[in-house]
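Here's the structure, in structure tokens; my notes come after.
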Amino acid sequence: MARSRSLLLTICTILAILIHGAHSFYLPGVAPQDFFNGAELTVKVNKLTSIKTQLPYSYYSLPFCTPSKIVDSAENLGEVLRGDRIENSPYTFKMGDAKMCNILCRKTLDAKTAKAFKEKIDDEYRVNMILDNLPLVVPIQRPDQESLPVYQLGYHVGLKGQYSGSKEEKYFIHNHLSFIVKYHKDTQSDSSRIVGFEVKPFSVKHAYEGKWSDENPRLTTCDPHTRHTVSNSNTPQEVEDKAEIIFTYDVDFQDSDVKWASRWDAYLLMTDDQIHWFSIVNSLMIVLFLSGMVAMIMLRTLYRDISKYNELETQEEAQEETGWKLVHGDVFRPPSNSDLLCVYVGTGVQFFGMILVTMIFAILGFLSPSNRGGLMTAMLLLWVFMGIFAGYASSRLYKMFKGSEWKKIALRTAVMFPGIVSAIFFVLNALIWGQKSSGAVPFGTMFALVFLWFGISVPLVFVGSYIGSKKPAIEDPVKTNKIPRQIPEQAWYMNPAFSILIGGILPFGAVFIELFFILTSIWLNQFYYIFGFLFLVFAILIVTCAEITIVLCYFQLCSEDYLWWWRSYLTSGSSALYLFLYATFYFFTKLEITKLVSGALYFGYMLIASYAFFVLTGTIGFYACFWFTRLIYSSVKID
């Protein structure tokens, strides 16, 4: 016991070092950074993103202006898996130094580069940039002018439109960027902290007099000397073969009352926040009401049953009894495919531990949106370290089923779920590679993932299994008969398929509103940050999974059907089917994905998410039913 405690302590310490290490090493921008007037500000470029294709691309995959040398920034595991490619940029800012009409470079397009720009404009790609760890946003004013603007992450590469009097659709590029850097000044130290990074993109066909000079270029369309600045896109820059494009930018600095600690508040402002709060509270009220009703019915019915069974004294009365007591000799008979059940239960315990600890970290603020990739990194590391609990849970259950080959069950627990997910992930990654997207996981990262799996997770599963196998087997509260009892014909509503499908509705109902916001954050490139509410919804999911499984298990035993092991797992696990159906509905109603590869990516990732949800909810239901059956059969007198 002391040895296992010290092992757990060591694992927790390593996990804390890894998470805090990623927090402090990769993301220096998370800590406040003070800038004095004239200090150089580093503007970095990130991936190009599109909600239409879901395929990120490196910024320099398009022929934008480049610095003298392109340098990649250090990225954590989560950032790489998200497709982030953070690189330096040719944009140079100095704190407090507002500049107009800075010329970045001049490019002449050929047929290939013009086609590349047109494809990205067609797919509504956005350019993402970063300054002092703040993402670049485009402020969009709401219809009611009084409220705060909505912020769109990144600016569009360009737009499609028509010249007046023409029906031919043309492509125009945003080649002039008007940046606004918002800062909060410290009156005591005279230093400033950056609290906002905004841009207004314009498409301008720049003109100049005479021949172009790289040393001293001077534009007639944007000249600070004549106070001629860009304020509209009335003469846009068209994208076509042999088109000459001049990239320019303005930068202005605005003093702001927003303090550094609150600078993310504007980014996290949601357009439908009132609906969000009302929907979640409404969902919680309905589920809590149902839970109260279920709990009350169960307690009253069970109390009456147990009292009645314990009062039966004569043999004649005992012979006339019906209901769940009749199957006491078979209720703890090991199920068919018991090995597979042990594997799935162990995997579910691993998932439960990962999600629980991740949410605690998120609520404490470790995984805020400013910590890019932190959420995914934490989830992967927690999954790996929770392997010890997976091995322990599967081994304990396996030993209760009189199993003796704990190494075999440990290997299957360590390999089965990650193996299936890895196979789907590998196929999806191959599709992304085929599209030459930056979202494809590099070989080095693949190796790191394989090492986490086989180098850390698999050994920990074996350690957990070994500890579980050394524990005494869980004793059944009643003896199991040698000859299985015949199950009577069941009513139509007790049909396994029907009751399993009915059982998944309530757990799904507890989470589907929150699910909408999670899907929106993933697929529509928005931030998700309400982890406190998510934790509450997770708690209600646990309660509803447990209660619906217990109720249906009770009805099943009352109808003298003792095959509850797998059914208890599948009853709450069937909510994953509704999750996938909802994801399909969301795809056709909310997303504008048209490419086959992008559709395959969406359904591939949602299949993985649904499979994980099945394992999680199934395990919760199984343990609830396991506890319930042991409780009721240990409460009655069995001759």
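Just so you know, glycine gets a Cβ as well, placed from its N, Cα and C.
Keep in mind that this is a model prediction, so the values were computed, not measured.
Pulled from TrEMBL:
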{"type": "SIGNAL", "residues": "1-24", "note": "signal peptide"}
{"type": "TRANSMEM", "residues": "277-299", "note": "transmembrane segment"}
{"type": "TRANSMEM", "residues": "341-367", "note": "transmembrane segment"}
{"type": "TRANSMEM", "residues": "373-393", "note": "transmembrane segment"}
{"type": "TRANSMEM", "residues": "414-434", "note": "transmembrane segment"}
{"type": "TRANSMEM", "residues": "440-463", "note": "transmembrane segment"}
{"type": "TRANSMEM", "residues": "500-524", "note": "transmembrane segment"}
{"type": "TRANSMEM", "residues": "530-557", "note": "transmembrane segment"}
{"type": "TRANSMEM", "residues": "569-588", "note": "transmembrane segment"}
{"type": "TRANSMEM", "residues": "600-628", "note": "transmembrane segment"}
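Contacts between the transmembrane segment (600-628) and the transmembrane segment (373-393): absent, as fewer than 3 C-beta pairs lie under 8 angstroms at sequence separation of six or more. Most Cβ pairs under 8 A with the transmembrane segment (500-524) among the ranges 414-434, 440-463, 569-588 are made by 569-588. Ranked by Cβ pairs under 8 Å to the transmembrane segment (414-434), the stretches 341-367, 440-463, 569-588 are led by 440-463. Cβ atoms under 8 Å from those of the transmembrane segment (341-367) belong to residues 19, 23, 335, 374-375, 378-379, 382-383, 386-387, 389-395, 397-398, 401, 403, 409, 412-413, 416-417, 461, 531-532, 534-535, 538, 565-566, 569, 612, 615-616, 618-620, 622-623 of the same chain, restricted to positions at least 6 beyond its ends.
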